[in-house]
Amino acid sequence: MPELPEVETSRRGIEPWVAGQTILRAEVRNARLRWPVDEEIIALRDQRVLSVQRRAKYLLLELEKGWIIIHLGMSGRLRVLPQPQPPEKHDHVDLVIGNGCIIRYTDPRRFGAWLWSDDLRTSRALAHLGPEPLSDKFDGRWLYQKSHNKRTSIKPWLMDNTLVVGVGNIYASESLFVAGILPGRAAGSLSEEEAGLLAESIKAVLLRSIEQGGTTLRDFLQSDGKPGYFVQELQVYGRGGEPCRVCGTPIQMAKHGQRSTFFCPACQH
């Protein structure tokens, strides 16, 4: 599933093509996504895009009247087509832009979503979200305060969007490795120093992945069709049985919250 770096990469990829431009129309070939594409999007005509934003794993297109909220789901991606091209099987939604380009949404598994909101303050999709991990609000003090008396394992705890948004399976594993913290420990066992180190590690890993265009494991591609190159820098995720790049110990895999977790038993404590 695309996580924060992949969604931010998508945002940066489409922003130069659509910000300040007019969406002439939306062409919806298959409205049956995770939730049906909202009727306001299907009927969209001649609306100028004021800004392209991101909140958590959602892309937000601010229009003159209303917002388009896009979630990429498990396998969704956005492409910029400078010129029209015939759609393929999994190309479900096009935004036809006044400058001649098309923003095309492709989603083989159809777990993504295209939602409409008149006012983001009333959007159910964005309710109850925690702070952005790259914001000043998210730091070691925040993590330490929230960890008190928590018995759940640190890894699934980090993936709770009410704690911090956008940290999914890949980046939780990678951040815990950088911080030297075992993912199976109880969240309540974090010391204040460890919480600070973990917050810094999350920020560093996410920023580096954004610089590299995200991580391509299967479906994700950048808006220009290139893969995300952070996959070449993964320290533990998807490397079960392979030697740790730091100490040579075989990387182990475990299940936490029914999700695969990867870690080095020597480097993490």
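Just so you know, the numbers here start at 1 and follow the chain as drawn.
Placed from the backbone N, Cα and C atoms, the Cβ positions cover glycine too.
Take the CB of Pro2 (active site, schiff-base intermediate with DNA) and look out to 10 A: across all protein chains shown you find 27 other CB atoms. DSSP assigns Pro2 (active site, schiff-base intermediate with DNA) to coil, not to a helix or a strand. Here Swiss-Prot flags Pro2 as active site, schiff-base intermediate with DNA, drawing on sequence analysis.
Remark: Glu3 (active site, proton donor) has Lys57, Gly166, Val167, Gly168, Asn169, Ile170, Tyr171, Gly214, Thr215 as non-local neighbours, by Cβ distance under 8 Å and separation of at least 6 in sequence. According to Swiss-Prot, the active site, proton donor annotation covers Glu3 (among others), on the basis of sequence analysis.
Under the heading active site, proton donor, Swiss-Prot lists Lys57 (among others).
Residues or ranges marked as active site, proton donor in Swiss-Prot: Arg259 (among others). Take the CB of Arg259 (active site, proton donor) and look out to 10 A: across all protein chains shown you find 14 other CB atoms.
The DNA binding site annotation in Swiss-Prot covers His90, Arg109, Lys150, and the record cites sequence analysis as its basis. Cβ neighbours within 10 Å of Lys150 (DNA binding site), excluding its own Cβ and spanning all shown chains: 16.
Sequence-distant contacts of the zinc finger (235-269) (same chain, at least 6 residues past either end, Cβ-Cβ under 8 Å): 152-153, 155-156, 159, 169-170, 172-174, 176-178, 180-184, 217. For 235-269, the entry in Swiss-Prot reads zinc finger, with the evidence type sequence analysis.
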Tally of residues which DSSP labels helix, strand or coil - the zinc finger (235-269): 0 helix, 12 strand, 23 coil
Among Lys57, Arg109 [recorded positions], residue with fewest other Cβ within 10 Å: Arg109
Coarse DSSP state, helix versus strand versus coil, of His90 (DNA binding site): coil
Cα separation, Pro2 (active site, schiff-base intermediate with DNA) to Arg259 (active site, proton donor) (Å, whole number): 15
Maximum Cα-Cα separation in Å among residues His90, Arg109, Lys150, which the record lists as binding DNA: 42
Local confidence of the prediction over the zinc finger (235-269), expressed as mean pLDDT: 96
